[in-house]
Amino acid sequence: MGVWLSKDDYIRDLKRIILCFLIVYMAILVGTEQDFYSLLGVSKTASSREIRQAFKKLALKLHPDKNPNNPNAHGNFLKINRAYEVLKDEDLRKKYDKYGEKGLEDNQGGQYESWNYYRYDFGIYDDDPEIITLERREFDAAVNSGELWFVNFYSPGCSHCHDLAPTWRDFAKEVDGLLRIGAVNCGDDRMLCRMKGVNSYPSLFIFRSGMAPVKYHGDRSKESLVSFAMQHVRSTVTELWTGNFVNSIQTAFAAGIGWLITFCSKGGDCLTSQTRLRLSGMLDGLVNVGWMDCATQDNLCKSLDITTSTTAYFPPGATLNNKEKNSILFLNSLDAKEIYLEVIHNLPDFELLSAHTLEDRLAHHRWLLFFHFGKNENSNDPELKKLKTLLKNDHIQVGRFDCSSAPDICSNLYVFQPSLAVFKGQGTKEYEIHHGKKILYDILAFAKESVNSHVTTLGPQNFPANDKEPWLVDFFAPWCPPCRALLPELRRASNLLYGQLKFGTLDCTVHEGLCNMYNIQAYPTTVVFNQSNIHEYEGHHSAEQILEFIEDLMNPSVVSLTPTTFNELVTQRKHNEVWMVDFYSPWCHPCQVLMPEWKRMARTLTGLINVGSIDCQQYHSFCAQENVQRYPEIRFFPPKSNKAYQYHSYNGWNRDAYSLRIWGLGFLPQVSTGLTPQTFSEKVLQGKNHWVIDFYAPWCGPCQNFAPEFELLARMIKGKVKAGKVDCQAYAQTCQKAGIRAYPTVKFYFYESAKRTFQEEQINIRDAKAIAALINEKLETLQNQGKRNKDEL
């Protein structure tokens, strides 16, 4: 017998069925999308190096060249190649972590190299522990850490780079501990290599904080590389004798520095001069290195009970003629690296701060503090003992604190595992926990940046939810590589915005409740709190773009439109006004990716094109009325004419600020003047006006890209300088006479009224603002010269 359901029961059951269907559908959908991390067999915490190594291993196994009989080989390889292309890129990795593959619709990729490339050219130095592969985000911090770096800029396809690789590996092992050996893959980091002036491969440079980079021009043998490197190593070896021995020892001991002395006698072996120099460089600032010739200093050696060649380390305060020699370390090795490790292992540990004096000590000095729980884990890395010396000039003291002696103190600082933090001289109120690599150069960079920045570690007690001052808060997880990459940029941004905005970081693995309260679903999520207003940052991980975001919050470059204001400002715009409008929906991932680019574009078009956006989730009916069928929908509204309602839709693949700007400028009426051979001669060469000329060819792609930029320049300098264009395909002879050898070429022709002659100057910049600034500077110089000439008359 059937059972009749009431209307309410029917609706309730129908909702349940629909919900179950949706759950099953989503499970199937999720199951079909393979996780990029799983594809490569790495964890979400994997470093760039680990991702490269995992991809290379898979590439050599799955490449279509090695699987010619597998019809699925191409498709399978595309999947892992796509995963690698996304995860190796910091910005794409952040998008993927936050939105999944939907957030990558503008970055499709799809190309890969041959099997031989992955076997022989890919990740040349990833398996060499002595060589550190540096990426753009960490390069400056590394080479400015205070250590000496020798960096190899190479390209994977360069045969000379591969010829050098075995020598570079041997060289790195030879000088390990003496200086840092780095490598930069210019195939992956083209921008970094261009910024460093690298235009040939391999290029080898010495870097040290406070000095200009030095390029190596010698032959590429290990011996020549070692010789060149040693020229830049700070090494002083003192010959000790009766006249200077006592004073040298006492002066060093008074400064807390010990001596490593090799005694050379007839019997046994003492260290060679080359080994002594290397040890001096390796122990620079930690231990003085000296030698004594016992053949000429026989009495002094006997007084020290030295009867044969030997090497000994005398720590500060050691009794030199103590026959028990309990405090003196005698070394049996003749190898510089072995001696270095033994000496540095015997150096005293950092000062242990007590719970009783901690607050007072941190209130009067800047500190880098290691937190440990009972056993000091840092003693496993003797290299870290260099920190005290390398941070001395920055007035940063280095110490340690045992959390097992006062658990409450560490708990209040949210320190629950061995870690280190910088305290900025204000007690325990202002501090920042280190989340980077536990290696010397990374800790040095962190300490120097942190003490001079204005970023603080946040928790429930100091979270600025209701603070009257605006705050930028970075919600992050320490295991997330894009999060760690963002932290140095936040420090830079905090200095640029000091006094306008406070900066803090919140570790969501420690403060899960706070992160859930603000619905943090991906890391890093950066939010600006301005009393009741909350704004999420969606831009790239750079201090400059964070600065742009804050400036845009204070002075918005994009008009938020409503149906009413759209009608008033866009539909009924003035005759000479133009608009670009973004129709978007907040839930749409491509819209979210577009928004920071849209704002960046708007700032560059101020005064030329009005830029707006309209929320189609809030104003759904209006967007439907405007026939908006997809998001984001970008439209250009040209100057009003007698024609019906008119606009142009953007159909380009790239939605970055540059591409959109070029597209919008292309609709503006031309301000520059097209010149013929006759008008070029009459108006430019024989006239009395300043001119800037774009020499171009219609078939030239870069010329087409530059054309809107030149029109923007023409508008920026209108009234001061005339702008003209010469078609070098139509008027080849004119361009030849003007000395044009490439397209586009920009030249500034300026008229010197005092001499009644024209001068010309080639401009090798392609940015309208930069060209305008250069021209204005030149005009000011000409004006000042004119004034001086009048004064002289």
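Glycine is treated like the rest: Cβ placed from N, Cα and C.
Feature annotation from Swiss-Prot assigns signal peptide to 1-32.
For 35-100, the entry in Swiss-Prot reads domain 'J'. Shown for the domain 'J' (35-100): DSSP residue counts in helix, strand and coil, namely 49 helix, 0 strand, 17 coil.
As annotated by Swiss-Prot, domain 'Thioredoxin 1' applies to 130-232, with the evidence given as sequence analysis. Mean pLDDT, taken over the domain 'Thioredoxin 1' (130-232), works out to 89 on the 0 to 100 scale.
Cβ environment of Cys161 (disulfide bond): Ile124, Asn152, Tyr154, Ser155, Tyr201, Pro202 lie under 8 Å away, each six or more residues apart in the same chain. Under the three-state DSSP scheme, Cys161 (disulfide bond) falls in the helix class. Swiss-Prot lists Cys158-Cys161 (among others) with the feature disulfide bond.
Taken from Swiss-Prot, the feature domain 'Thioredoxin 2' applies to 454-553.
As annotated by Swiss-Prot, disulfide bond applies to Cys480-Cys483 (among others). Under the three-state DSSP scheme, Cys483 (disulfide bond) falls in the helix class. The local packing around Cys483 (disulfide bond), expressed as other Cβ atoms within 10 Å of its Cβ over all shown chains, amounts to 24.
Summarising the annotation, Swiss-Prot assigns disulfide bond to Cys588-Cys591 (among others). According to its DSSP assignment, Cys591 (disulfide bond) is helical.
The DSSP secondary structure for Cys700 (disulfide bond) is coil. Under 8 Å, Cβ to Cβ, and six or more positions away along its own chain, Cys700 (disulfide bond) finds Tyr743, Pro744. The disulfide bond annotation in Swiss-Prot covers Cys700-Cys703 (among others).
What Swiss-Prot records for 790-793 is motif 'Prevents secretion from ER'.
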* Structure fact -> Cys703 (disulfide bond) and Cys591 (disulfide bond), compared by Cα position, are separated in whole Å by 30
* Mind telling me which of the disulfide-bonded residues Cys588, Cys591 has the densest Cβ neighbourhood, counting other Cβ atoms within 10 Å? => Cys591
* Across all protein chains in the structure, which of the disulfide-bonded residues Cys158, Cys480 has the highest Cβ count within 10 Å? -> Cys480
* **Helix, strand and coil residues within the domain 'Thioredoxin 1' (130-232) as assigned by DSSP** => 40 helix, 28 strand, 35 coil
* Asked: Distance between Cys480 (disulfide bond) and Cys588 (disulfide bond) at the Cα atoms, whole Å?
  -> 24
* Can you grab the distance from Cys591 (disulfide bond) over to Cys483 (disulfide bond)? Cα atoms, rounded to a whole Å. => 23
